[in-house]
Number of protein chains: 2
Amino acid sequence: MKVAKFGGSSVANAEQIQKVANIIKADPSRKVVVVSAPGKRFKDDVKITDLLIEFAGSHQRKQFEQSEKTLTIIMDRFKEIVDNLNLHTSIIDDIKQTIEEDLNKDLSPNQLLDAIKAIGEDSSAKIVSAYLQHIGIDATYMNPKDAGIYVSNEPGHAQLLPESFPIIKKLRDIDKVVVIPGFFGYAENGELVTFSRGGSDITGSILAAGTKAELYENFTDVDSVYAVNPTIVNNPKEINVLTYKEMRELSYAGFSVFHDEALIPAFREQIPVCIKNTNNPDSPGTMIVSERDARDNCVVGIASDVGFCSLYVSKFLMNREVGFGRKLLNIFEDEDISFEHAPSGIDDMSVIFRDHKFTPEKERIVIDRIKNELHVDTVSIHRDLAVIMVVGEGLVNTIGVAARATSSFSKARVNIEMINQGSSEVSMMFGIHAEDIDKAIQSLYHEFFEVSQKVEEAETKILT
Amino acid sequence: MKVAKFGGSSVANAEQIQKVANIIKADPSRKVVVVSAPGKRFKDDVKITDLLIEFAGSHQRKQFEQSEKTLTIIMDRFKEIVDNLNLHTSIIDDIKQTIEEDLNKDLSPNQLLDAIKAIGEDSSAKIVSAYLQHIGIDATYMNPKDAGIYVSNEPGHAQLLPESFPIIKKLRDIDKVVVIPGFFGYAENGELVTFSRGGSDITGSILAAGTKAELYENFTDVDSVYAVNPTIVNNPKEINVLTYKEMRELSYAGFSVFHDEALIPAFREQIPVCIKNTNNPDSPGTMIVSERDARDNCVVGIASDVGFCSLYVSKFLMNREVGFGRKLLNIFEDEDISFEHAPSGIDDMSVIFRDHKFTPEKERIVIDRIKNELHVDTVSIHRDLAVIMVVGEGLVNTIGVAARATSSFSKARVNIEMINQGSSEVSMMFGIHAEDIDKAIQSLYHEFFEVSQKVEEAETKILT
């Protein structure tokens, strides 16, 4: 059996939901279906979840005129979908009733927000299951509570409780297509609690892991994961297969096809994940698996992200001082700045972290503490750094990849501020000035994806 | 004025001491002279300091027959020098008397060891000053106590006390050549305490800093510092000038011309250091300065060292865990293993440290603690690593150095296990398997010191 999750654009309107139904119909092993809330229908459209958040906010601020207006927009969206799918209007009454019940419960502001946010996915699941029945598929809506998704009571940041898995496993025994709303579960006290934003991916992954599905299909609106950001390189290569680790390294530096946390349940149970396109289901998509044959292409993708900052300290004879590195990182931890990397030389150490966490106030505190507590010779801050990750399972055992990568920077006349290779088995990290990012990425892409392998090998032979 | 320090081989016998005297005579600005204990006269000879340690050991173990035998060898060495220099035998009596006084004092074993170890330098200074007088130079022996070298009471690891400097500065006013034994100072309670082994370099540096000398000359038995280890590359290039920072990075990975700690006083006061050869004083030697023109040669030297070990941990979503890196380093600190580097990826972190500190017992404890306290997915140890440092002040601002370095490894068919660039402003660090070290170093040396710059530039132009 397979678990299929459909994202917001896949359930944005009636036409999209018909595509979803066709996909489910096409493969009887698609038994567990997870849906997001209706997303954008066009570029400047508003997602249902954002409307729900606005509604909950104005209601809590007792701006009832505003909240009624927003609720009308929300209900009109659902109504249009239900009408266009020729479904019974009782679904609309059901959605409205759920909202009213939530408003009348004695909930804390955070609990109410979570309950209202979840209406988008919940309604989506009701509509999709009704439509599947309408076209003759034996389908049923199932609430996450009945599916067994029990979570910690952290509104907006729920974590799955391990006791969920034996209950989830029972979904295998149901002989229907089960449509389950994504994004939320239930705490032990019965309260609805949501995952972090985009959490329908998490629900799908949990259900795939819990049912030990043969495949977790994640339907979105792109044909596949691309080897590089398409806004930097035109028509980049599609990735057919990549490993969990590769996906994780790529998503760290800007690849946002799949929710970070969502990989964990699938990774732990080794469930293969397939990223597919609802609008082009015949395209093979991108498989995410635990192992792949890395002989042909040791580099699978190149990711990049800006907004990094580096703090540099130097102190003569630093490396003879036991505990220096730990003390420096301690200051960052005290000030609640999680660092990304901390490369060190003999008498130097850098700490790399995300720029947005480092306010001028924090900067002052951190620099003062470093000067006063660590008695360093110099301390300096470098902002506007970009990080480039060259990712691939074969990197660690392939001679010459570092040479090809660094030559690419050199050919693009880009100075490398930082190289971190060897700490990860599947990636090489480079730090450069943010302004150089496009030419660096283009040069790397050319080297690893456009230059013929044959030519490369011939050149290597001449050189050696 | 200049401070001139002469190492063990420069005072190993009468012939060498005559060379020392000629060097002092040749430049009247050499006013403060620091001497080591007599070193080896030939390959399998024993250094006086080692004989003194043996003597103190057997004396403390009350093996008096053995200690008497060793003392005879020591005194014969001094006697031979004094006789061959035609000096008065009263010096020998003086040395013998100093030893006897030390033995009769009420000293702890460590204090006695320090007092006896210091006899080598002390006697050297007495002999050299007597010989200078003998050939008509106005010279005088001065004990470190009178010179103002006051230190912490840590036998074998003395640290200079800051109150020394105003006293040392008065040496400028003496109108003679002052010969001072290296390697030791005096604690506040009047006890003699030695620096760490090789500490005559430290004495020289302290005196150069304290007197604000125009130059600190460090006379040894090589013409200069070489760009690379001469046992790996034949007749390597001599380094004419390098900065304190470059020297420090090179000496970290195997360059042992100059004591680590000895650089500090000179560095703090910006006293230039010159490494020269007692046996070839006309050779310009190697200057160590605070700044150099790095335009012509951005790489000044390539150092390498073996005996490193790497511990690798991976944990899915590690980088979301605030404090993970700090906790890992804390375990190393608790177990008293000072780490060299701790490069980290997204979900991986490595800790690089010296192999010899990591006994099988420590390995078991560290791995157990990492598993139990940090709940990592994997932890593994890699031994037999070598570290290569490519060092130069120009590195940080020169495009293409990383490409040239990594290509050199690639041409030598050497896999790079680790690259750490950017944390230090003057070096690039590479980790490789120890067995590959010779071919890697030879290839790097070829790239940075043998290939003509002109050809390189032409190639770069074609590529861009």
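Glycine residues also receive a Cβ, built from the backbone N, Cα and C atoms like all the rest.
All TrEMBL annotations are machine predictions without curation.
Per TrEMBL, the feature ATP binding site maps to A:Lys5, A:Phe6, A:Gly7, A:Gly8, A:Thr220, A:Asp221, A:Tyr226. A C-beta separation below 8 Å, combined with a sequence spacing of at least six in one chain, links A:Gly7 (ATP binding site) to A:Ser36, A:Gly39, A:Ser200, A:Asn218, A:Phe219, A:Thr220, A:Asp221, A:Thr278.
Under the three-state DSSP scheme, A:Glu121 (substrate binding site) falls in the helix class. Marked as substrate binding site by TrEMBL: A:Thr49, A:Glu121.
Look at TrEMBL and you will find A:390-464 tagged as domain 'ACT'.
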Provide the three-state DSSP residue tally for the domain 'ACT' (A:390-464): helix first, then strand, then coil.
42 helix, 13 strand, 20 coil
Among A:Lys5, A:Phe6, A:Gly7, A:Gly8, A:Thr220, A:Asp221, A:Tyr226, listed as contacts of ATP, what is the widest Cα spread in Å, to the nearest whole number?
20
Which residues, sitting 6 or more apart from A:Glu121 (substrate binding site) on the same chain, put a CB under 8 Å from its CB?
A:Val35, A:Ser36, A:Ala37, A:Pro181, A:Gly182, A:Phe183, A:Phe184, A:Ser200
Which one, from the binding-site residues A:Phe6, A:Tyr226, has the smallest tally of other C-beta atoms lying within 10 Å of its C-beta?
A:Tyr226
Where does A:Gly7 (ATP binding site) sit in DSSP terms: helix, strand, or coil?
coil
Packing count at A:Thr49 (substrate binding site) (other Cβ atoms within 10 Å of its Cβ):
23
Does DSSP put A:Thr220 (ATP binding site) in a helix, in a strand, or in coil?
strand
Rounded distance in angstrom between the Cα atoms of A:Lys5 (ATP binding site) and A:Thr49 (substrate binding site):
17
